[in-house]
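Worksheet for the structure shown next.
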């Protein structure tokens, strides 16, 4: 009797998992129908300092930086990117445009091949005033990165003020990030 009872319990597990997936799917459909932006990720880090880190420069192995580089009194965009990310390539031209306008962008090269990343920047242009190399993805993990690209607005004191998942484009910049950027630029 016991083996049959254990078998019945095991057969019940896939049904429960399936029902949980259906519920999660329906919740997301409802959110999308209500106009919620699926790229707007809630983050427990909003309003908190950037997690402590010590990372090498992408272009200069051995030269390290820590979170203090993001606390210089001026707002910064922290852009998580990788050469394996097709959406990163799509947003790269816009990042170059922002950099040309004087917007300070720090690149966080995420789980990537360093030499490919340097070559990529050399061929497509480098919008980053600083490129950090997160080869093992630990800072990305600490930031709660789901994938690339993601962009964080960091105020002049190193506090995360906004997070955007997906490509940074003109609509996102103008409607979501620029007003906050100006707010924290004015407070510098």
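Numbering starts at 1 and runs along the chain as it is shown here.
Glycine too: its Cβ is placed from the backbone N, Cα and C atoms.
Taken from Swiss-Prot, the feature disulfide bond covers 85-88, and the record attributes it to sequence analysis. Feature annotation from Swiss-Prot assigns domain 'Thioredoxin' to 44-186; the stated evidence is sequence analysis. The topological domain 'Cytoplasmic' annotation in Swiss-Prot covers 1-9, and the record cites sequence analysis as its basis. Here Swiss-Prot flags 31-188 as topological domain 'Periplasmic'. Annotated transmembrane segment per Swiss-Prot: 10-30, in sequence order, evidence recorded as sequence analysis.
According to DSSP, the domain 'Thioredoxin' (44-186) comprises 53 helix, 37 strand, 53 coil. The disulfide-bonded residues listed here are 85, 88; among them, 88 has the most other Cβ atoms within 10 Å of its own Cβ.
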